[in-house]
Amino acid sequence: MSIPEVGKKIRVTVPSTTANLGPGFDCLGAALDLHNEFIFTRIEGGGDRFDLIMESTDGNHLRGGPENLVFRAAQKVWESANMEPFALEARVKLAVPPARGLGSSATAIVAGLIGANAIMNSPLPKEKLLELAIDIEGHPDNVVPSLLGGLCLTARSSSQRWRIIRCDWHDSIKAVVAIPAIRLSTSEARKVMPKNVPISDAVTNMGALTLLLNGLKAGNDELIKEGMFDKLHEPYRWKLIKGGLEVKDAALQAGALGCAISGAGPSILALCKKENGKEVSQAMVKAWEKSGVASRAPFLNLQTTGSQFSTISSR
């Protein structure tokens, strides 16, 4: 396999994700229509050169190097394809805010895998990219929907293979995501969780997840209300999110069917019917204002196509 010519460009768009949705800890996630865009260019130099230029929505520019997740993912592709590394530049337009529980790390991993693979004319199948993405991230709930799109349930089978189920999401159910101007790292959010939980809590979550998935499939309000409930991670994480429980209560009082921490937080996901969306969004923002936290709460539709790439220039 030959190294791509200098100047070849690939555009990759990767959706944000909301993980867990309450009871689906580390196994359930949904892609949302907020995207990061990556432009990969083959540049002069060897595999130890990787230039990452990031432009955020506020116009700020940041730079990153070989320690970045995008580059680490690209390296995994080269290793798996038995390909000699080559120099890459990645320009990123950031719309997914980092450390907010919206899968920003997953977008970096997925983009690095797809970009490096596509610029070499895709020697690795999508199944292999999924395997590499889960290996890098350590859990599947963000990277799988980020790559595939839609609502995805991922579990390791008795044969130790990853099994992915694309679940239905009824058109009548909409997502409002309250995104605060505060950050919370995944590592910090995981530190507060216990290593062991009562079996009764595990059983409760299994039942809740079943109710939630059936409610989302049928658009059944009551099943969603009863299923969007968690005892494995949220009881320990709410204390890390300033004003979070008040935001949840405000969303439910405004008509949300259910409310949960998005991923590791601090963003908060509310599921509702379209006619309640505006009231839910406003209530969540106002509740955070009372705690001294600025936020925004946009409607984010389910993104069903997953990550996409296109060739901008072949040389």
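Even glycines carry a Cβ here, placed using N, Cα and C.
Listed in Swiss-Prot:
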type    : residues                                                                            : note
BINDING : PRO97, PRO98, ALA99, ARG100, GLY101, LEU102, GLY103, SER104, SER105, ALA106, THR107 : ATP binding site
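Taking the mean position of the Cβ atoms of PRO97, PRO98, ALA99, ARG100, GLY101, LEU102, GLY103, SER104, SER105, ALA106, THR107 as the ATP site, the remaining same-chain residues with a Cβ inside 8 Å of that point are SER16, VAL96, GLY263.
Here the Cβ of GLY103 (ATP binding site) has 32 other Cβ atoms within 10 Å, regardless of which shown protein chain they belong to. Secondary structure at ALA99 (ATP binding site), as computed by DSSP, is coil. Here the Cβ of GLY101 (ATP binding site) has 30 other Cβ atoms within 10 Å, regardless of which shown protein chain they belong to.
Here the binding-site residues are PRO97, ALA99, SER105, THR107, and the one ringed by the most other CB atoms within 10 angstroms is THR107. In the three-state DSSP scheme, SER105 (ATP binding site) falls into the helix class.
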